[in-house]
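Here the structure comes first, spelled out in C-alpha cells, and everything after it is commentary.
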Amino acid sequence: MLGTDSVPSAKGDIKTLCSPEDRQRIHVGWVAGPSDAREEYDHGGSPPPIDLPDVQLQNHLWETYVNAQISLWIDCDSDDEELAAMSEIELWKELNYIAYMGLRSAVIRLKHADSPRLAQVLNQWLWTKNVNLGLWILIPTRFDDFIRLSSDTRDCWTVWANFRKLCSNFYSQKLIAGLQFTVDIDDEFVDKKLLSRWKAEPLATFCVDVDVFVRCRETDQISLPPAHANLLLDLWMPEKGRIMVRGSSEHDTSPSLQRQCAQALRAIVRDVNDRPSGITFSGFLVDSNISYIDVLQVPLQPLADNLDSCVYNTFEQDPVKYKRYREAIESAVHDFGELSSHPEHLVLWRNRCVIIESDMRNIPVIASGKGYPQPDIVVSELLGSFGDNELSPECLDGITPFLKPSTISIPQTYTSYVAPIMSLHIHQQIKMCGASYWNRGISGHGRNGTTLQADGSYRQCYPQGEYIANMDQIYVAYLRQYCALAEPKPLFTFNHPNFTKESNARSGWVSFEIDRPADLMGFAGYFHMNLYKDIALSIVPSTYSEGMISWFPAVVPLRELYRVQNGDTITLNIERKVDDTGVWYEWFIHHTVILLIIYF
C-alpha cells in the first residue's frame, strides 16, 4: 500500500515499503508528513492545483496500492473565513478527483475538536456520491493536538463520536475512524475501560508518526514504546486493519528508516494476524466457511417452524451442551416415551423407542388416551439466546398437567440477563436489514399467519402494522465489534415444572450506572440455566460455559444511538407480553442525569 498527497507531488512524495521480502498480507504504507507538504495555500491567491496525473499508474495499481491524502493545507473550520471557504470548495474538488482516479480510500486529518463545516461537506459527499470510496478520518491520540478552547475537557473518543454524528453516523464501510499515534498518548488509550469504546467503532486505520519510534542502543533496532505497541495490539483486527507511517515533522525520512519502521510494526501485529479468529475449542467458528462474527441472525422459532436437519446438525456439533445434559440426566431413562413433532424423525427412531408425533402441548390428551404412564423426567432443550424468547415456558407448561409431583424437569430453572452495549456496526446492520420483497411471506415472530394478496403474492402481517420496524426486533449475533458498558444483570426467571400455574408474562426493570462517555445502542441478552442441581449451562460472560457454540448473545436494540455520560443511570424497562395469539416483548429506557449545581 502506498500513500500520496493530492497536492503537487515533489520527488519522493510517493514511496513504497513493499519490497519483495516484505510482500506479505501485513502491508505498511507511507504517507507524507508535515515536512513533505511542498504546497501551502497562499492567502489571497489561488489554491495549489491538483497535479497528480492518472496516467502515472495503471488503473488497477491506483485501486490496489494507493490511498489518497487530502491536502494538508485544507481547513474547512479555520478561523480564517477565506481559508475555510476556499477549503470547502477545494475539498470537494479533491474528493471528485480521487473518485475519478478510482482510488478506494482517502485520508482526512481531523484538526479541530469541533469540525461542523468539514462534517457538512463530507456528509453531503457520502450521501450523494455513488462511488466506492472510503473516508479515513484520522484522530490524534493526544487531545491537546486538536485546535480547541483551553477550557475544553473532552476526550478524543468524544471528538470522533460527535464528528460521525454530524455526518449522520454514516455507513461504517464508508466513514472510517483512524488513530494517529502521537509521541504522547492520553490516558483514554491506556485505560482498558475507556479504550474498549474504540472496539465498538469502525476503526480500521493506524497511522504512526516516525517520531514515535525509539531506537535501542544495544541492538540499534527501532521499535514502538510499550504503551503504543499495546494500543496497537488491543485494537488491531487482522481482516480490516491498515497501518501507515507518517513522515517526520522536522526532516525527511530515509528509505532505510521507513523500512525499519514497517518491520517493527509488522512484528507487533503478525502474531494477531496468525491467531485464529474463532473462540471455541471445537474449531466451529474457525473451520466453518460461514462467518458468524458480528452477523445478525433472526432468532429461531422451533414452535412455529420445523427446523431443518442442517440446523440440528450444527447444534449437535456442540462439545459442551450434550455433555452437560448427560451429566444432568446421570442414569438411564426407564420406560418413558420420547417426543417429536417432526414426522421426519419417525424414520430415524422407528422401532427404537416410542415416539409421539405431536406438538408437545397436546401430550396430556394424547398420552392419557393411550394409557402412557406419567414421566419421571422431562428433558427439553428449548431455550433461545435470551432464555425464554423461543417460548420454552409455554411449551413446558403445555405438558405440566400430565406430570406427577415428583417429575424432574431438565432444565429446572433459567434466568435471562441484560447488559448495555455500544456498537455502531451492529446499530447500522439493524438499520439496513429487513425482509426483501420475495421473503415478505415467510412467517416471523410466530404471530399472525401469512395472507394472500390481490396480486397473488403472500405477506406476513404484524400486529404493529403492515411492516415491522427493524429496530423493534430482537436479534442474535456473535458480538466482537462492541463495548459492554456495564456487567450483565438478571431479568426474568422461569422454574419448571410450573405446578403453581404462574403466568409467563413478565415485567421488570434493570438499572445500570454508566462509568464513561459512550453511545448506547441497546442491550446484549444472555441466559443462565440450571439443568439439574449444580449442573449449569450459561452464555453470561462471567459464567460462560467454555467451548459452547449453540447460542450467541441476543441483541435488544434501541431505535437510535443514545449518548450517555460518566455518572449517568440508564434503566431498561422491559415486558414479556402474552395473549392468545402469541408472545412478544416491549421495552424502553429511562435516562437519569446527575447535575452539579454550584451556588455563589
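The backbone N, Cα and C atoms fix where each Cβ goes, glycine too.
Pulled from TrEMBL:
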- 41-261: domain 'PRMT5 TIM barrel' (DOMAIN)
- 290-338: domain 'PRMT5 arginine-N-methyltransferase' (DOMAIN)
- Tyr312, Lys321, Tyr322, Asp359, Met360: S-adenosyl-L-methionine binding site (BINDING)
- Phe315: site 'Critical for specifying symmetric addition of methyl groups' (SITE)
- 348-410: domain 'PRMT5 arginine-N-methyltransferase' (DOMAIN)
- Glu381: active site, proton donor/acceptor (ACT_SITE)
- Glu390: active site, proton donor/acceptor (ACT_SITE)
- 414-593: domain 'PRMT5 oligomerisation' (DOMAIN)
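Projection of TrEMBL feature records onto the structure.
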residue: Tyr312; record: S-adenosyl-L-methionine binding site; CB count, 10 Å: 11
residue: Phe315; record: site 'Critical for specifying symmetric addition of methyl groups'; CB count, 10 Å: 16
residue: Lys321; record: S-adenosyl-L-methionine binding site; CB count, 10 Å: 20
residue: Tyr322; record: S-adenosyl-L-methionine binding site; CB count, 10 Å: 14
residue: Asp359; record: S-adenosyl-L-methionine binding site; CB count, 10 Å: 13
residue: Met360; record: S-adenosyl-L-methionine binding site; CB count, 10 Å: 20
residue: Glu381; record: active site, proton donor/acceptor; CB count, 10 Å: 17
residue: Glu390; record: active site, proton donor/acceptor; CB count, 10 Å: 22
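Counting residues of the domain 'PRMT5 arginine-N-methyltransferase' (348-410) by DSSP class, helix then strand then coil, yields 24 helix, 11 strand, 28 coil. For Tyr312 (S-adenosyl-L-methionine binding site) paired with Glu381 (active site, proton donor/acceptor), the C-alpha to C-alpha distance reads 12 Å.
Among the recorded positions Lys321, Asp359, Met360, Glu381, Glu390, the ones whose Cα sits within 10 Å of the Cα of Phe315 (site 'Critical for specifying symmetric addition of methyl groups') are Lys321, in sequence order. Between the CA atoms of Tyr322 (S-adenosyl-L-methionine binding site) and Glu381 (active site, proton donor/acceptor) there is a gap of 10 Å. You'll find the Cα of Asp359 (S-adenosyl-L-methionine binding site) roughly 15 Å from the Cα of Glu390 (active site, proton donor/acceptor).
Here the CA atom of Glu381 (active site, proton donor/acceptor) lies 10 Å from the CA atom of Glu390 (active site, proton donor/acceptor).
Mean pLDDT across the domain 'PRMT5 arginine-N-methyltransferase' (348-410) comes to 86 in this model. For the pair Lys321 (S-adenosyl-L-methionine binding site) and Glu381 (active site, proton donor/acceptor), the C-alpha distance works out to 10 angstrom. Between the CA atoms of Met360 (S-adenosyl-L-methionine binding site) and Glu381 (active site, proton donor/acceptor) there is a gap of 13 Å. When every Cα pair among Tyr312, Lys321, Tyr322, Asp359, Met360 is compared, the largest distance found for this S-adenosyl-L-methionine site is 24 Å.
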